[in-house]
């Protein structure tokens, strides 16, 4: 009580006069403060006059507080040389993060110099609390442990403004966030900033300082004699009195040059104020609606005679043909033993020589591949939130999720995963495969980079349970995990919180856990009200040949198993989504395996249809004889063998296959092959064997009639796909190659093996033997009448007449023209991309993960700006062209990235890049303790870490520059850079580069930097359109940076900066997929036109109509894609290329049939083509595809449902509509005229047939007359066969001459 009375009397007697001190000299350690970062040495209460400062004392003052130096002999101050040394130590820690901006660091020192050393100290401060402090020698003294400091708001605001935008390059955050306590950078104000500096619990302040910020002229509450300090604080864009340059733009808004905002995005194409594409489509519609010959027979005759002879030979020796075909197929298919299936999405969709692949290769070669991510996003819906009244932070919202029991449960889940590893022959855990940035060589479990909320407590249950009573402003209250969490979420870089708990916010592996990596689903930085916890395990991305790759895969399998078991546990309090790095590939492969039965059922349905539809059903007794079950099976086998041959051949030569090929190519070849089978078999069934004609000759003749049409389609499709292989996308390229050869092999086998099968089946049918029971014969003979079935008569009598009625034709043309114009408009609005969710099956856990990811994540993927070899970082110009601190170029690499983050909606960059150059320069700064040299011991002259005693390390690496712009020489740069990169950051030096930058700088043996990277963050990206736009904008920014850095003297002309994100290889294709698709489809359309013209004898009109119809099918398909929500991407492009092939089947047969018809009018020829060929096309293409496609609707994979069921259904229906409805009408209007050469040939055939019948009648009459003679004597010589033959030959010769003359 005596002491308290004395204290009060001493304080009450204190005066506030100019030239007087309130305290002077050091008294010892503050007994009320513990656990500080530096010794809390407090001054002695000493109301006395300011002392003159001379000699070393003056030099020290000039060094620490130059703003107080008035010249030796004219300078007075209230601090001893000891106080100046302590002040220097205290300022060093804070200035380490502020030194990037010299005026800010100067203002910060100005503030504390004024309160500690001002000669008018008693007019600025009022001592409020003193304590007895016992010194090592002497009696106890009164020490000042608390005082009020009076400042004007002008000085305080200006000081704060100069510092509020100073960045920390390693994190991209603001330095002020670590110096404003619970408020962070966003809520920091001058008063809150000063309050934190005066709080002795912050680990830096040795005593409590109550800063009173007074408006100028306001004396309310100001003690008599006190004059609030109103010195001039420097603006951040001003140079310092000591010569320090103005702060850089990144740290000071006022220093930024006038940068024009980016140009607005290109407005949509408009005409007369409306959508331009819509207007053009309407004009085209109006134009089309208002706009309403000798042909060579050589190609047709040559091909027909060639295939006729070929078919006869094949039918004559069927067993030998089948054997040779089987041998050839077996030789090709033997290559399947070395088949290589590509399942890696990167290999499938990104070309090896593409820019993204080359950039990925460069990045992964020089830096480690991007680590493997395994993640949980956990929520606890239904739990009520509450308001926590914190002693330090006031009322704070806490969601029901942020509770102690759930944090402990999260911690328990985090430590579960262990398993036995065959590759390591021991029990393995996370430490065996984890990414450990600060101890990569021999990591322990606590070195693993696990980012989660328990890391704010160093994954310690004791820390979570810790609590202590604390007194603040006279109020005593318990502080616990909540106070620590509030502080750490706002200041994740702090090594010590401001509570009496005194715990660190850094993770147990030594790095900070930023709030956006720990929690999600918050708004306005209200972190404790978050809706989700985020837990991320980072694993090393080992090469597949490394044994540890298998261990990492096994760890991920165990991780998935444990979280899945945990999810099923009814006692679990979390609702969560999860993923492992292997999840995407696992789910795709699982889905593919599960959907294989669906494809098998699809093929089985098609087989059953073919087997049933090919049969002749004229009589119930002959059903087993006339059925074509084995022929249908043979056709399916031909398709299968062609696919096996194609796959085997490409396996022989080392071109890998993929699951897409296994699913699509058989389907495509079946559609093409079934059509040809139907045309051939139906033509044979409708044909009547001529008198004296052998079965083999009939088969040859029928083949001669239809094979040119089959060749037309197969050759068009095969050339189409071979040209499609020019695509740069590996999946599209390999698909096109496999499909081209499979279609070609299918045609070859149809011309050989299938003809042989038909010959054997015809022989069986002629012998009236049952199909499956060959020993059983049926008594009923086969009718010699042609079998037209049901479809041909129906189309001839009903369908064709109705379709080609004059009113119907007009309606059809109008409808299809409107469809074309509408689809043209829709085509320009199709969505480009493939959202990764679509690759997952319905019900996949990955779909929940994507939903949680887009909902709760507050930041996007990291993006690295990578520099290649050829830039001199060691020169002053080189450093200035990269860095963003004081003295750096206004348009340096880091500055340009900073400018881009000011427009996140355009640049898709949310957080600026960290910069190892900036932190290296700050690390070298003698104002910090980071870079020192040993002066004693065996390591004298070598680098000394900041945690070593100042007694051992008394020398700084570099001297303080006169202008405040520190730049190492080339020798210093090369000497100290390895020390910087190997220096582990700690409380004494937060700028150490280990962990943050040791993998970001790559040097060759000579020390030259051959690669480096600067990490920024994208904004949250939620769909493929945003990912693609982000890639495009990042490349534009990198190109701009490259151009600027190439202007630096000594830079190589091929030096380059490029952006790298792990997703680039997937989304790069969408930058070029539109021109790529147009190129691929155009290449496919070209051969259809050329082959059609050539095989129809240079019939340009037929070729153009053929081409027009196929183009309409493709355009209408893309239009329907827009309506049905089918995005345009590589999978869709494969199907569109397939659509061209299938469209050829729908169109070319019909066009050829019309071109070779000899009916007198266009309408009649169109009717004949529709009836004869349309029925075969409908039965062979449409009805073959549709049942199989409909089965795909039951597939689990969304990719299959959308791009195989929906898209193939659209292609088939549109192909059928155009081929069987639009094309006949189009031909009836614009088709070529009657082919006169064909007409003459048909007249020749008719004349020959009439002559044959005349000779037969004469011959029969002569035989009848001769039988009337009893002696069977011949009255007259009948015409000899040779004479008749000559007559016939003469007649044919005459007709041939006529044809030639014509």
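Including glycine, each Cβ sits where the backbone N, Cα and C put it.
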In TrEMBL, which of 1130-1148, 1149-1167, 1244-1262 is tagged transmembrane segment?
1130-1148
According to TrEMBL, which of these ranges is transmembrane segment: 269-292, 341-364, 365-388?
269-292
What range among 596-617, 772-793, 838-859, 860-881 does TrEMBL record as transmembrane segment?
596-617
Here the stretch out of 313-336, 659-682, 702-729, 735-760, 1169-1195 with the most C-beta pairs under 8 Å to the transmembrane segment (1077-1097) is 702-729
Using Cβ atoms only, state whether the transmembrane segment (596-617) and the transmembrane segment (1169-1195) have three or more pairs under 8 Å that are 6 or more apart in sequence.
yes
Find the member of 702-729, 735-760, 1104-1124 that has more C-beta pairs under 8 Å to the transmembrane segment (659-682) than any other listed stretch.
735-760
Does the transmembrane segment (735-760) reach the transmembrane segment (629-653) with at least 3 CB pairs under 8 A, where each pair is 6 or more residues apart?
yes
Tertiary contacts of the transmembrane segment (313-336) (same chain, 6+ residues out, Cβ under 8 Å)
641, 644-652, 695-696, 699-700, 745, 749, 751-753, 755-760, 762
Any residues 6+ beyond the ends of the transmembrane segment (1207-1230) with a Cβ under 8 Å from its own?
667, 800, 803-804, 808-809, 812-813, 816, 1101, 1105, 1108-1109, 1112-1113, 1116-1117, 1120-1121, 1124, 1126, 1132, 1135, 1138-1139, 1142-1143, 1145-1147, 1150-1151, 1154, 1162-1163, 1165-1167, 1169-1170, 1174, 1177-1178, 1181-1182, 1185-1186, 1189-1190, 1192
